[in-house]
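Participant: I'd like to ask you about the structure that follows.
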There are 2 protein chains.
Amino acid sequence: MSELKFSDLVEPVSVDQKTALRVTVLGGGSFGTAMANTAARNGCDTMIWIRDEAAAAEINQTHVNKRYLADFTLESGLKAVTDLETAICNRDIILVAIPSHSFRHVLQQIKPFITSQAVVSLTKGIEAKTFSFMSDIIREELPEVPYGVLSGPNLAKEIMAGQPAGTVIASQSELVRYAVQQALHSALFRVFASDDVHGVELGGALKNIYAVAMGMAAAYKVGENTKSMILTRALAEMSRFAVKLGANPLTFLGLSGVGDLFATCSSPLSRNYQVGFALGSGKTLEQATTELGQTAEGINTIVQVRSRSEELDVYMPITSALYNVIFEGAPPLTIALSLMKNGHRSDVEFVLPHNEV
Amino acid sequence: MSELKFSDLVEPVSVDQKTALRVTVLGGGSFGTAMANTAARNGCDTMIWIRDEAAAAEINQTHVNKRYLADFTLESGLKAVTDLETAICNRDIILVAIPSHSFRHVLQQIKPFITSQAVVSLTKGIEAKTFSFMSDIIREELPEVPYGVLSGPNLAKEIMAGQPAGTVIASQSELVRYAVQQALHSALFRVFASDDVHGVELGGALKNIYAVAMGMAAAYKVGENTKSMILTRALAEMSRFAVKLGANPLTFLGLSGVGDLFATCSSPLSRNYQVGFALGSGKTLEQATTELGQTAEGINTIVQVRSRSEELDVYMPITSALYNVIFEGAPPLTIALSLMKNGHRSDVEFVLPHNEV
C-alpha cells in the first residue's frame with residue numbers, strides 16, 4: 001500500500017468567517033452528525049439540534065456523539081443546542097435529519113421560526129400513513145420555503161473516517177443547490193447537483209426493498225449473473241415508478257440511484273439483507289424479526305410501495321413477489337420467477353419504449 | 001433454504017424440430033459452448049465450430065468440453081465440427097465467439113459461405129490496432145449481413161449450472177433480435193432486446209478498465225461509499241464515451257451496462273481486479289504481470305480507450321488516472337483524486353447537461 005493517505009488530499013480550509021453560511025442540522029443521529037461536522041470543518045457556523053438535553057450537553061463537553069459515532073472526535077466549533085427557536089432563527093440552511101415518522105411533526109414545530117431559510121431533507125424514507133416523500137412533506141408543511149433533498153451512498157462512519165465519498169443535492173432552486181454545495185463540499189466529500197428531486201429521493205427510499213431481495217438470493221447461493229439481474233431489474237422497476245411520478249430515469253445512473261443501491265446490496269450486515277437471508281432460508285417474517293430484534297425498514301417499504309404501485313398501475317414484479325413471499329406464503333423462489341417472467345422486452349424501459357419485441 | 005431449486009423453473013422444451021433454427025457457434029471457449037448448449041437445449045439444430053480436431057472429436061464423443069467446462073455434460077444433440085463450410089452454409093444464425101484479435105480473420109474466412117445468415121458477436125472487446133468494436137468489424141468485412149451483438153453479465157459456468165441469468169441482444173434488425181431470442185431464451189436465461197448496438201457492446205468492452213480501478217481501491221481498503229463513487233463515476237465516463245459514438249445513455253442502466261460492470265467489479269478473482277490490487281499495493285505493472293502470469297485485458301483497454309478518448313475529446317478522468325499510474329509513475333492515489341476533482345456538476349452527465357452548477 002502506498003504511503004500517501006486519503007487525508008493527504010484534504011485542502012486546508014480558508015473560509016472568510018464573516019461570509020460563512022449558518023447551518024443547522026436537526027437530529028443527532030449518525031448521518032446528521034457527520035453532515036454537521038462536515039459543515040463545521042468547512043468553516044460554517046454550525047449547530048446541531050438534539051431534543052435530549054443530556055446528549056446535547058455531552059457533545060458540547062466531550063465533542064463526541066457517544067451514542068452514534070463513539071469513535072470520532074467532532075470539530076470543536078460544532079455546537080449542540082436543544083432550543084428549537086435558537087436552532088432555526090437567523091440561520092441560512094436547515095438540514096433535517098429526523099426519522100420519517102417524526103419528520104412532519106418537527107417541521108410543524110419549526111414553522112413559526114421559518115423566514116427565508118432553505119430546508120433540506122437528509123432523511124431517506126416514506127411517511128408510512130400518507131405515502132409521502134420528505135420533499136412532499138416539506139412542500140405541504142412549509143409551502144413557502146426553498147427546499148431540497150440530499151441522498152447518496154453515505155455511510156456516516158466512512159465519511160467521518162475520511163474515505164472519499166459523494167452525494168447528490170437535488171433542488172429546483174439553483175440557490176439551494178449552490179448553498180448546500182458550499183456548506184458540505186470538500187476534497188473528500190463531493191456534492192453533485194441535480195434538479196430531479198423525486199428521482200433523487202426515490203433512490204434512497206426504495207433501495208431497501210432490493211436489499212431484502214439480495215439477502216434472499218444469497219440464501220440460495222446465487223452467482224454474479226443472478227445478482228446482476230436483481231440489480232438491473234431493481235433499477236428498471238425503481239425508474240419505472242419514479243418516471244410515473246415525473247422523475248428522470250437517467251437520475252438512476254448516478255450516486256443516489258445505482259450508487260446507493262449498490263452500496264446497500266453489498267452490505268451483508270444490513271438489517272434488510274439479513275431479514276431477506278432469513279426468509280430465503282425458509283423462516284417466517286415473525287421468526288426473522290425475532291432474531292433481528294426489530295423490523296427491517298425494507299419490509300415496511302415493500303408494503304407501502306406495492307400498494308402504491310397498484311394504485312399507479314406501475315409494474316413492479318420484484319416488489320410484488322417479495323410481498324407474496326413475506327405475507328402470503330409464496331415460496332422464496334417466487335423472487336427468481338419475478339426476474340425471469342414477462343417476455344423479453346428491452347431491459348431498460350426507456351430504450352425501446354413502444355416496441356414489445 | 002427452500003427445497004425448490006432453480007432448475008424446477010425450467011419448462012419442458014417442446015419445439016417443432018422442422019421449424020427449429022439452425023444455429024452455429026464459432027469458437028469453443030466457455031461462453032461460446034454455453035450458448036451452443038443453450039440453443040441445443042431449446043431445440044435448435046446446433047453446431048459448434050472448433051479449429052482443433054482433437055477438441056472437436058472429444059466433444060462429439062464425450063459431450064464434455066474438457067478444457068473450458070470440464071464439470072458439465074453438454075446436450076447430446078450438440079455437434080462439434082471443424083470444417084468451416086459445413087459450419088456456415090445453410091445455417092440461420094452464426095454466433096461468433098472468437099477472441100477480438102482473431103475476430104476479423106475468421107469473418108474473412110467465412111465470407112465465401114455467407115448468403116443470408118445473421119451474424120451475431122458474442123465477443124467483448126476492442127480490436128487492438130484499429131480500435132474497432134466487433135460490430136464495426138462485421139460491418140466492414142460482411143457489409144451485407146444482418147448483424148447484432150450479445151452482451152451481459154454472463155459467467156458461462158453459472159449459466160451451465162442453471163443459475164438464473166440474463167443478457168441483451170442488440171441489433172437494428174428486429175428479425176435478428178427475434179431470432180436470437182428464439183434460439184437462446186429459456187426459463188433460466190432471459191434474452192432482452194435493444195436497438196442500441198454500440199451502447200450494448202461498449203458496456204462489455206469498457207468494464208475491465210474499472211475492474212482494475214476497483215482492485216486498486218481494494219488495496220486501500222476503501223469502504224462502500226468510495227466503491228459506489230467508482231461505480232457511478234465509471235458509468236458517467238462510459239456513457240459519455242458511448243454517447244459520443246451515438247449510443248443511448250439509458251442503455252447503461254441495463255444488464256449490458258451497470259449489470260456487467262457490477263458483476264465484473266464484484267469478482268475479486270478476475271485478472272483485472274488482481275492486477276489493480278497489485279498496483280494499488282505499490283507494485284509495478286511488470287511485477288504485477290509476472291505474478292499473474294499474463295497481461296490483464298483491462299490494461300490494454302486502458303491504453304486504447306485513453307488514446308481514443310483524447311481523439312474524441314471525451315473527458316474520462318478514471319481512465320486517464322489509471323494510465324498515469326500504470327505507465328507514468330503517478331501514485332495510485334491519483335485514482336481517488338480523479339473521482340473527486342472537477343467541480344460539482346450533475347453526477348449524471350445528461351440530467352443537468354448545460355448547467356455547470
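Backbone N, Cα and C define each Cβ position, glycine as well.
Residues annotated as domain 'Glycerol-3-phosphate dehydrogenase NAD-dependent N-terminal' in TrEMBL: A:23-174. For A:G27, A:G28, A:G29, A:S30, A:F31, A:G32, A:A156, A:R271, the entry in TrEMBL reads NAD(+) binding site. Summarising the annotation, TrEMBL assigns sn-glycerol 3-phosphate binding site to A:K124, A:G152, A:K207, A:D260, A:S270, A:R271, A:N272. Look at TrEMBL and you will find A:K207 tagged as active site, proton acceptor.
Could you place these features in context, so I can see how deep they sit and what lies close by?
Facilitator: For A:S30 (NAD(+) binding site), the same-chain residues that are 6 or more apart in sequence and have a Cβ closer than 8 Å to its Cβ are A:N65, A:Y68, A:L69, A:A156, A:K157.
Taking the Cβ of A:K207 (sn-glycerol 3-phosphate binding site) as reference, residues of its chain lying under 8 Å away and at least six apart in sequence are, in sequence order, A:M238, A:D260, A:L261, A:T264, A:C265.
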Participant: As a test of the contact definition, list every same-chain residue at least 6 positions from A:G152 (sn-glycerol 3-phosphate binding site) whose Cβ is closer than 8 Å to its Cβ.
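Facilitator: A:A165, A:G166, A:T167, A:V168, A:G204, A:L255, A:S256, A:G259, A:D260 - these are the non-local Cβ neighbours of A:G152 (sn-glycerol 3-phosphate binding site), listed in sequence order.
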Participant: If H, G and I count as helix, E and B as strand, and all else as coil, what does DSSP give for A:F31 (NAD(+) binding site)?
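Facilitator: DSSP assigns A:F31 (NAD(+) binding site) to helix.
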Participant: So how many other Cβ atoms are close to A:G27 (NAD(+) binding site), meaning within 10 Å of its Cβ?
Facilitator: 24
Participant: Do the binding-site residues A:G32, A:K124, A:D260, A:S270, A:N272 include any whose Cβ comes within less than 8 Å of a Cβ in chain B, and which?
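Facilitator: Among the binding-site residues A:G32, A:K124, A:D260, A:S270, A:N272, the ones whose Cβ sits under 8 Å from a Cβ of chain B are A:D260.
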Participant: Using all protein chains in view, find how many other C-beta atoms are within 10 Å of the C-beta of A:G32 (NAD(+) binding site).
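Facilitator: Step by step: centre on the Cβ of A:G32 (NAD(+) binding site), count other Cβ atoms within 10 Å, giving 24.
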Participant: Summarise the model's confidence over the domain 'Glycerol-3-phosphate dehydrogenase NAD-dependent N-terminal' (A:23-174) as a mean pLDDT value.
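Facilitator: Here the predicted model's pLDDT, averaged over the domain 'Glycerol-3-phosphate dehydrogenase NAD-dependent N-terminal' (A:23-174), is 96.
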Participant: Determine the minimum-neighbour residue: among A:G28, A:G29, listed as binding-site residues, which Cβ has the fewest other Cβ atoms within 10 angstroms?
Facilitator: A:G29
